[in-house]
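> Quick one: the structure is below, and I'll ask about it shortly.
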């Protein structure tokens, strides 16, 4: 099967320099949603038609299974499909999709393909309560005879509620023949793809239809308002699927998934959470309110407290993270690790049962098991040019307000006194302290303000 995706629309109503089909829906370009659905149908050829000023489309979305053709000037949907003709295999049907209609399911498209077979013209239609603006499906004795656009429709035709979604499948050899016959003698001065219906009827080719499972599958995007509406529909669908899987959502209307979220049993997600990229939550994970989790894995029974931010992190089982914690790329936490409020961890491995509960930065570090990192501790990993690593072995106690100047190693069982600035390796099982001697000044008086 050939699949052609029309993605050349200028999108003037989007009020943006970005091509319309590259605007994100759930964190992914509209066109990418359509391409992903098309791939589920295993096409032999997949061609994207892009338009003037849309060179970003092939630049951003190039892949081995994609080919691209440019439509310039843009003279309608029929003209757009003409640009793909040299790339189409005559011996298999051609399915035509739209890059700004992102929510059509593979199941609905397969229903259309099954209806059309290899020798019929198939059209995906839908019945609308208010069909204004859409091309109407004109039937005679139940059979589709043509599609008439809104601007060209007669009053009686405007009363028709069955509309053309634009999605259709046709025998490719016949499609090429019908495209060659198209005329732009209409109100818009464009080559309408819908005019091939009349050609099919004239050739005695049966014109059949199928309908999607849901009306929203055919909704397109022409403005930021419509984009926002589709975002809510898409997020509602994701939330519904999570609920069906047994995930507890405090409010299904207040979760955003911008990628793939995989959940185990008895997962609980509070309001305002955003999941980006590939995120995996194991059994019993609890995510509190307003967390952002990007490309991360969280182990069983771990608890993420409010306002925490993860990016490319791996969290083990039974960890407690946050509130207000930040796990940056390269963070790997073993089981039962506690990362508390206003603690940032970057490119570091922290072994089991270790804790950094308050106001701490751990960067480019390897931390052993059962380590306690006191409040205000900083691993000083950057000298202005190079980044160096800090190694803290098992059973270390780091006192509050300690600075560890990397590269440095703290031996097993060592204790660092509060306020220490560590510039040399600390030996195992010993107390290391580095700070000025405390003094008390007698008869000390605070300065007084001088009146001017």
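Placement of Cβ uses the backbone N, Cα and C atoms for every residue, glycine included.
Small disclaimer: the values here were computed from a predicted structure and weren't measured.
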> Which of these, 409, 435, does Swiss-Prot list as part of the acetyl-CoA site with 375, 381, 382, 400, 418?
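Given 375, 381, 382, 400, 418 bind acetyl-CoA in Swiss-Prot, the matching entry from 409, 435 is 435.
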> Just to be sure I understand: of 76, 100, 149, which binding-site residues have a C-alpha no more than 10 angstroms from the C-alpha of residue 435 (acetyl-CoA binding site)?
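Correct set: empty; none qualify.
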> Rounded to the nearest angstrom, how far is the Cα of residue 400 (acetyl-CoA binding site) from the Cα of residue 372 (UDP-N-acetyl-alpha-D-glucosamine binding site)?
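Computed Cα spacing between residue 372 (UDP-N-acetyl-alpha-D-glucosamine binding site) and residue 400 (acetyl-CoA binding site) is 10 Å.
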> Would you count the other CB atoms within 10 A of the CB of residue 99 (UDP-N-acetyl-alpha-D-glucosamine binding site), including those on all shown protein chains?
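Result for residue 99 (UDP-N-acetyl-alpha-D-glucosamine binding site): 29 other Cβ atoms within 10 Å.
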> Of 222, 400, 418, which binding-site residues are close to residue 9 (UDP-N-acetyl-alpha-D-glucosamine binding site), meaning a Cα within 10 Å of its Cα?
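Taking 222, 400, 418 one by one, the ones whose Cα falls within 10 Å of residue 9 (UDP-N-acetyl-alpha-D-glucosamine binding site) are 222.
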> Can you tell me whether DSSP puts residue 76 (UDP-N-acetyl-alpha-D-glucosamine binding site) in helix, strand or coil?
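It is coil.
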> Using Cα coordinates, what distance in whole Å links residue 328 (UDP-N-acetyl-alpha-D-glucosamine binding site) and residue 418 (acetyl-CoA binding site)?
26
> Between the Cα atoms of residue 149 (UDP-N-acetyl-alpha-D-glucosamine binding site) and residue 400 (acetyl-CoA binding site), find the distance and write it as a whole number of Å.
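Here the two Cα atoms are 73 Å apart.
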